[in-house]
Amino acid sequence: MGDMVVEPATLKPTSEPTPSPSGNNGGSLLSVITEGVGELSVIDPEVAQKACQEVLEKVKLLHGGVAISSKGSPLELVNGDGVDNEIRCLDDPPTEIREEEDEMEPGVVSGTAKGTRRRRQNNSAKQSWLLRLFESKLFDISMAISYLYNSKEPGVQAYIGNRLFCFRNEDVDFYLPQLLNMYIHMDEDVGDAIKPYIVHRCRQSINFSLQCALLLGAYSSDMHISTQRHSRGTKLRKLILSDELKPAHRKRELPTLSPAPDTGLSPSKRTHQRSKSDATASISLSSNLKRTASNPKVENEDEELSSSTESIDNSFSSPVRLAPEREFIKSLMAIGKRLATLPTKEQKTQRLISELSLLNHKLPARVWLPTAGFDHHVVRVPHTQAVVLNSKDKAPYLIYVEVLECENFDTTNVPARIPENRIRSTRSVENLPECGITHEQRAGSFSTVPNYDNDDEAWSVDDIGELQVELPEVHTNSCDNISQFSVDSITSQESKEPVFIAAGDIRRRLSEQLAHTPTAFKRDPEDPSAVALKEPWQEKVRRIREGSPYGHLPNWRLLSVIVKCGDDLRQELLAFQVLKQLQSIWEQERVPLWIKPYKILVISADSGMIEPVVNAVSIHQVKKQSQLSLLDYFLQEHGSYTTEAFLSAQRNFVQSCAGYCLVCYLLQVKDRHNGNILLDAEGHIIHIDFGFILSSSPRNLGFETSAFKLTTEFVDVMGGLNGDMFNYYKMLMLQGLIAARKHMDKVVQIVEIMQQGSQLPCFHGSSTIRNLKERFHMSMTEEQLQLLVEQMVDGSMRSITTKLYDGFQYLTNGIM
């Protein structure tokens, strides 16, 4: 594709009022667009007309191919990207206001002409009010999404599409599910407004491209199969997965392939497309993955990728840039599906370790972990550290991933492979050479998988057989003598102001720490994850780094991820967005509530990845391992009632409990057993697993009827019903609800947009959004809200259904 120019927004005048974002067509336009802007005087129609003429002049410049600011300088987007003849983003809104024709048809009386001029002046005034709102500092990404969803004016929608370029990338990324869902399920005007931004960002970021491709596939899956195949979402997804959106200034990277060893495998069964980073390994696979694009027969069969791949020597095609990452993800998902077929937890764990050991032979490669927030290459998976998590029917598992951070994923060389048995010397870090490979050696170790889709067939991978590996000496410059230095030397020693502490305080704190060192869990074959999750994160990082052949590198990082197969994480993603929005609201309103949103990657309608919460174990694991009440466990971990550590942990518990109680009430979160509530090392509780929210409940049993889960054990940790911390808890609940309802629209629109075209169980019934709005109690006074909070706390604490559900989980799943 060539350079892209975003057409200016077209704001068409109409004789009818512009619909408000809230959808109240009967209300005054001015009351909607000036809400929250402050006092704005009613402008004279002539002034409005003059302002419109100025905008028209800018539009004429825009159509002439000139994009300049009011100061005459080339424009730069707010997100830091230059215009570079692709994106035109004016300092003032690039809005085109089309005036009605001045010439009247023959026979029209002069009174009609006057009426037309009057309507034109009124429309111009209304458009000026809208422009003033769009130009104001109060116009943020949340308002832009609201107008894009609610407005029926193509001109307004096109203008908002242009304005997306002027917001920060991370602000727009938060609403990516909403943007793509609107693109798939709403009318063409909305789709046309959104597409230029999506295409532009896909050219910039490979991770953004992956996120878009995965979400487009997942949100299109609710459509009928015949409609889905020809939908706009499917077409955009194919465009993203092709090479057409690869940055134009980057040359196509040609894979460096070594002759395959004579293993007796047919070409269709060679699944490992090798780069020089691992070309020294002689690999024999008895697997049966999908045919890769390196097979010339497949190139003619595959509809999705044939148009975007180029033939090389009539035998090989250059892999599209997302292909290695897609196969990496596919491999992780296939492991989860195979684990689910095994009967015992111990067998699953052993199989998981073996599978990941095989996966390591394909690393390093040009792949990354999408849940991370920085550019990196995956170099190794410490397979012995992986654990299978608790699940009755499925086999979610937790892995740790070693990565090397880099400045730019696309342009940085893939790190050279270092064998596990490489002996490292004790030379100083100054003698550390750059361990990399040449530009020609950067082809990913994962082969292209054309038939990658959301159906079960595309995910299926036959069991991998034995893998025989020979490791001759690897030529990696002078990396044989890489120095080994301590983790302490890697930690940056930033200069800090001296802090003076009394010797008595130091002795007291040291004695408290020695007396109350956090306990370690015992290994349980039925729950192997408990020990792994209980280990402090920094200790785990140190231990894995010491045993890693890449641990000596200063840009080495350790990440973790939970891989889930057979679960629809689209509701989890929706819950993450709501939690993130509430967290931002409470920070803005300075309410000290604490919640921990964790990242979600939706891969398909039944698979995904989750960012683990570090230094946290479930309350079920706490009770099972310690055989103590929650309060006694706090005393064991943090010291007696009067210690600083206990008081700090108690405050953290109260602030997090209040935050999650409000979340559970607003979203109607169900399935709140102790396996889905974590407790971290600082005393916070963290709710996980938001698979049942809003209109859905487990098996539609309707067990949990209370507003949220508040057990007597929770109250005991707070100091009892008459304690100050319990009163503090109720005060936080009230403050949090008051703050949340001030920003109700920001929360509701996240949910409302995702309901469009969705078949998710959380949206069953026609009253989901109405009930959500009612839970904000906009009509209540603060005194009435205080009474409501008291009633909800009392009702939840005395709820018999909470006790029944906990008993049900204990009897059926053994959850304490």
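Heads up, the Cβ atoms here are built off N, Cα and C, so glycines get one too.
Of the listed segments 488-496, 668-676, Swiss-Prot assigns region 'Catalytic loop' to 668-676.
Between the listed residues Ser69, Ser428, Ser766, Swiss-Prot assigns phosphoserine to Ser428, with no corresponding entry for the rest in that record. Candidates Ser460, Ser486, Ser511, Ser529 were compared with Swiss-Prot; the annotation phosphoserine appears at Ser511. Under DSSP, residues within the region 'G-loop' (541-547) fall into helix, strand and coil as 6 helix, 0 strand, 1 coil.
Mean pLDDT for the region 'Activation loop' (687-711) in the predicted structure: 79.
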